[in-house]
């Protein structure tokens, strides 16, 4: 372990790179052991039960709880120390999102506790301990991320690397467990749907881990068992967000931060009305389509085929719109002459890697669908709609990833040096009204004299009042200024450049709002 400045280092012979490698290997082995336990339970391996898997997960969560409590207590004792922060990590919208998913995860845990109480006669005690431990783990972890997601740890770095990476892979295992449980339920529903569509030649064996005893309260058991599977997607999102935020915290351990001013661009809803309206139309229509689909699917073969056809046609239309919007955004970027910010940043690098990594899942599924359509012996009418749908999914992910990755790597626009100087001088004179001169006045180096005659420095020339000058000199200088303002064509080009830039920015904001709502729909 290592201590902060002024303390003797213990085990300081190990470079920090070695500590990073050791901790990552520890986390990978932790994950692989849990992954094998999960798969063994899923395939009903002899000697492996659900209680073994849950006991392993409970142990990992308790170790993480102890580490988070220790880190929090140590942070409270060092509250007066000035710590570096990563301004790109732990964005407020990300914290709010993970809090929302955590609240729904707590509802899921309460459903599991109720389910255990109703089937307590034939369930293992670990199935009751797990949701309680998971609820406590969720509450403390969300609090921890709100307080420390931006931290750049500079003391006890080796120990903290193991603690953070343990937390990362604990969340990944909980995510894997949630994905597998929901997938098994989805697979059972899909097999039942195949029977409805007339695929009777397929051997249908439902994979069910239902308890082998009767429920004490039938109505509550039905609510808990059905409600659990509707809440699993939120639990999955919660754990993947938590693991990514903790991974950024792990990458920031021991990082040297350049202390330069961070320009924060506040988000405003002004100017994105068009994108929001079209996006809400798509979202509303999608909700209506999904409702009709859920009502019609499984009722009969004809209704199921009509529901699938309706689903694919709507999805093709939405994906085509998303592709078009993404192409327009990329063309706008090509027309702009702005450099990319290639500085090292763990949060931004992880964003790009996660985009491509998660898109790979959609690409794999789409290519699998294309291959299945080509190789299938029978081709019902609705299956041909799956072909353009799968192709559009591949293209849309490709375009949207390019748009997002380029957006997060583009440098922020810097203020014109003339405007910076004008603001500095104005603030130093205590005159706030002259902070808003017209674009023509700023560009030509003129801040209106009737607003306090602010002296300014523009393009190497100093403009100031001359107390010893005569009236004729002042009039001559004023007339020269006015003539230069009236005759200079550069003010019109300045207006046009700003107008074009604002229009491009407004279009990009509308596209981003539209794609955001479309992604919710898809």
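Glycine too: its Cβ is placed from the backbone N, Cα and C atoms.
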Of the residue ranges 271-295, 396-420, 421-445, which one carries the transmembrane segment annotation in TrEMBL?
271-295
Listed range which TrEMBL flags as transmembrane segment, given the options 4-25, 26-47:
26-47
Which sequence-distant residues neighbour the transmembrane segment (129-146)? Criterion: at least 6 residues beyond either end, Cβ under 8 Å.
54, 57-58, 61-62, 64-65, 68-69, 71-72, 90, 95, 98-99, 102, 105-106, 108-110, 112-113, 116, 167, 174, 238, 242, 245-246
Which sequence positions outside the transmembrane segment (271-295), separated from its termini by at least 6 residues, show Cβ-Cβ distances below 8 Å to it?
307, 310-311, 314, 318, 321, 506, 509-518, 520-522
